[in-house]
Amino acid sequence: MPSAESMTPSSALGQLKATGQHVLSKLQQQTSNADIIDIRRVAVEINLKTEITSMFRPKDGPRQLPTLLLYNERGLQLFERITYLEEYYLTNDEIKILTKHATEMASFIPSGAMIIELGSGNLRKVNLLLEALDNAGKAIDYYALDLSREELERTLAQVPSYKHVKCHGLLGTYDDGRDWLKAPENINKQKCILHLGSSIGNFNRSDAATFLKGFTDVLGPNDKMLIGVDACNDPARVYHAYNDKVGITHEFILNGLRNANEIIGETAFIEGDWRVIGEYVYDEEGGRHQAFYAPTRDTMVMGELIRSHDRIQIEQSLKYSKEESERLWSTAGLEQVSEWTYGNEYGLHLLAKSRMSFSLIPSVYARSALPTLDDWEALWATWDVVTRQMLPQEELLEKPIKLRNACIFYLGHIPTFLDIQLTKTTKQAPSEPAHFCKIFERGIDPDVDNPELCHAHSEIPDEWPPVEEILTYQETVRSRLRGLYAHGIANIPRNVGRAIWVGFEHELMHIETLLYMMLQSDKTLIPTHIPRPDFDKLARKAESERVPNQWFKIPAQEITIGLDDPEDGSDINKHYGWDNEKPPRRVQVAAFQAQGRPITNEEYAQYLLEKNIDKLPASWARLDNENISNGTTNSVSGHHSNRTSKQQLPSSFLEKTAVRTVYGLVPLKHALDWPVFASYDELAGCAAYMGGRIPTFEETRSIYAYADALKKKKEAERQLGRTVPAVNAHLTNNGVEITPPSSPSSETPAESSSPSDSNTTLITTEDLFSDLDGANVGFHNWHPMPITSKGNTLVGQGELGGVWEWTSSVLRKWEGFEPMELYPGYTADFFDEKHNIVLGGSWATHPRIAGRKSFVNWYQRNYPYAWVGARVVRDL
């Protein structure tokens, strides 16, 4: 169960009306001297009556009741008593740890930092840390985040008078708190986020990682998180912590039934007919305790017969083994800095953002025009994982894709390319060995139809240099770059900055190139720094969340394409762009209709079967080890109605087909809800079969602009209180979600009624970078993610589930295009009428690229290996 200190609705829950609805924005505004900042974006409504009904009568699975029922006013009072019980080791252990180690913990938090505690309480625990910080003379701003003003006032009223520590309240949900931390005035402040009381144990394990990952994204390189985790694996000790000899815990649990009756408005549960069953369940992940209601006899509740042997789950508390804690941190993009434990049963873990964790928030991932040295270090950490851990030594000289150089080329190409650009702009001598520029400057990208046709490239040696020599050279170039940052990023001239920026984005793009090459090899090693996903579980969850793929009317609108970045500019704060991103221009795009999400693996498989196409996309494989052609598929035209449901794929096909991932082959049955990635020619045939076509470059940009407008419109409505976000999910495992499930609402599908023309005034392209929050880019997952729950939402830039997006537009020279001086052949070499523009980004695309609205990528239309998907559009 959560600790009293971490409860959010708190005493506010005692005011729940009999209807089960309580609008927390109507809390009494009590007079208080407490400094409480209202950060709520919208009034929050908790409809427990609906939750009770839906969980008591589930469509599938066992009966449950929302854990939030336990935390009305009386429940909080009872739980406060529980935290003082000898058996309840969680609070006692945490206090012992803080008493002994608070001074050491405080040493990790610098003066001038802010501390944000997720949930407020009686300060019994956090005061120990605040006192240590105050004694150290550190100026600290402490913020207690809670959804209840009354709870914040009560908490802050108990704060002792500190000399250096200032205490504040944040009134809002966890989501509100995260948005507050994302604000420009807060995002760059040093911070430490506290999540005490082992409240993380009330989440399912996958949800716990998702929750933490949300806050990881707002952490800077020097920020920290301090998280309490229950690791007790003594069954008796765990059991008695939740089943005390005095019986207070069972009284606390039974009080939930009394609260349910008040909310329902009738005596649905007769208290005397129910008892509490607590049980400890052992598993290799660390075990858990769970609590149930069980009737003492057969009884009727809300028209349902509940047998005496039936049970209704109300609460669970997961325990974490050392291995599971490490899995949790790595999945959430965190690394452990230090830990303090009480024996083997409880620990406080100090965590920092992993070097490979790329933020999806524009004010973080693009906080300066030039990537920072921290950005470079994160990039190098990722590059080194791919090249030194996943790429076997014996595979370096192989060509997983025959149209590309051997893998070893890319090890030398990345530092050589950067060194060449630095040499051009600094006028200094190249790094040694200088002859590397002859063999590593530029790779090959030949014509798929005729590989003899290829742009100018470096000579291919008879024998590549030894790996050790290449890695030494790599470190030499990295050291050279670090030297340019030695006097501060603001002192780097614009022309040298452009060379650094070009080298940075060049390396970003080649990580993806190397990875999609490695995906074609059965010798690629699984990344070990993150846990292997449970693809079966992920598939079952995706299937349960499917919604129809709706059509949206994209209104006629004028959009901006490109950015302003003069080659001879001197403003170091202006963002850089490649030659194909310039000059900026306005274009008119006619109205059309677009589906909300891209084509999935399942839809593509149905297309193959119905059209009797044997050729699989290169992203798939046959499990019977048949050879897979590396050629291109025959184009297929035709029309097929876009049905919301189709016949099920035959088991014989599913059993023999898999999708390629860095984790090896994943059975197609586990990846049906993923976006398919294939060549343009392959997907164009599928789009025609589905009753549409692939959008043009301008139409795709128009989709992104309109998707942004819809988001802003929805956010404006939230500000006005028209929509209802959920409350803090730390309160319960199943009763309350962090983010409410999607439902067709303001984003009305075109079939019924499209947003009015007046909504087009909301469309804006003044911001260069997109907020990618929730997008599967930037290595937040190392594989595509299910996308079928997004059909009722118009997905925007980078939001296609981990794939780029094809457009039907050929890459051609446009008016005003000028080749860039540093790399004149970057785009110009591909004006051959064979390449189409792609937009967005994949799961392996850095946010600086995936989120930049002006960025343009391209591939040959029949190139089968790139991670590019497509959505279907149609004319009005």
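Glycine is treated like the rest: Cβ placed from N, Cα and C.
If you look up Swiss-Prot, you'll see Tyr88, Asn202, Tyr242, Glu315, Gln316, Ser317 marked as L-histidine binding site. Residues or ranges marked as S-adenosyl-L-methionine binding site by Swiss-Prot on the basis of similarity to another entry: Gly119, Lys125, Asp146. According to Swiss-Prot, the Fe cation binding site annotation covers His413, His506, His510. Per Swiss-Prot, the feature compositional bias 'Low complexity' maps to 744-758. As annotated by Swiss-Prot, region 'L-histidine N(alpha)-methyltransferase' applies to 36-350. What Swiss-Prot lists as region 'Hercynylcysteine S-oxide synthase' is 378-874, and the listing cites a curator's inference. What Swiss-Prot lists as region 'Disordered' is 631-650, 732-761.
If you draw a 10 Å sphere around the CB of Tyr88 (L-histidine binding site), it holds 21 other CB atoms from the protein chains shown. His506 (Fe cation binding site) sits 43 Å from Asn202 (L-histidine binding site), taking the C-alpha atoms as the reference points. When secondary structure is read from DSSP and collapsed to three states, Asn202 (L-histidine binding site) falls in the helix class. For the pair Tyr242 (L-histidine binding site) and His413 (Fe cation binding site), the C-alpha distance works out to 60 angstrom.
Neighbour density at the Cβ, taken as the number of other Cβ atoms within 10 Å, is lowest among the binding-site residues Asn202, Gln316 for Gln316.
Here the CA atom of Lys125 (S-adenosyl-L-methionine binding site) lies 15 Å from the CA atom of Tyr88 (L-histidine binding site). His413 (Fe cation binding site) falls within a helical segment according to DSSP. Largest Cα-Cα distance over the residues recorded as binding S-adenosyl-L-methionine, namely Gly119, Lys125, Asp146, equals 16 Å.
Put simply, Gly119 is the one of the binding-site residues Gly119, Lys125, Asp146, His413 whose Cα lies nearest to the Cα of Glu315 (L-histidine binding site).
Here the C-alpha separation of Asp146 (S-adenosyl-L-methionine binding site) and His510 (Fe cation binding site) works out to 44 Å.
Each residue contributes its Cα atom, and for His413 (Fe cation binding site) and Lys125 (S-adenosyl-L-methionine binding site) those atoms are 53 Å apart.
Between the CA atoms of Lys125 (S-adenosyl-L-methionine binding site) and Asn202 (L-histidine binding site) there is a gap of 20 Å, rounded to the nearest whole number. Distance noted between the C-alpha atoms of Gly119 (S-adenosyl-L-methionine binding site) and Ser317 (L-histidine binding site) is 18 Å.
Taking the binding-site residues Lys125, Asp146, Glu315, His413, His506 in turn, the residue surrounded by the fewest other Cβ atoms inside 10 Å of its Cβ turns out to be His506. Here His510 (Fe cation binding site) comes close to Tyr410, His413, Ile414: these same-chain residues lie at least six apart in sequence, with C-beta atoms under 8 angstroms from its C-beta. In this structure, Gln316 (L-histidine binding site) is part of a beta strand by DSSP. Counting every protein chain shown, 24 other Cβ atoms lie within 10 Å of the Cβ of Tyr242 (L-histidine binding site).
In this structure, His506 (Fe cation binding site) is part of a helix by DSSP.
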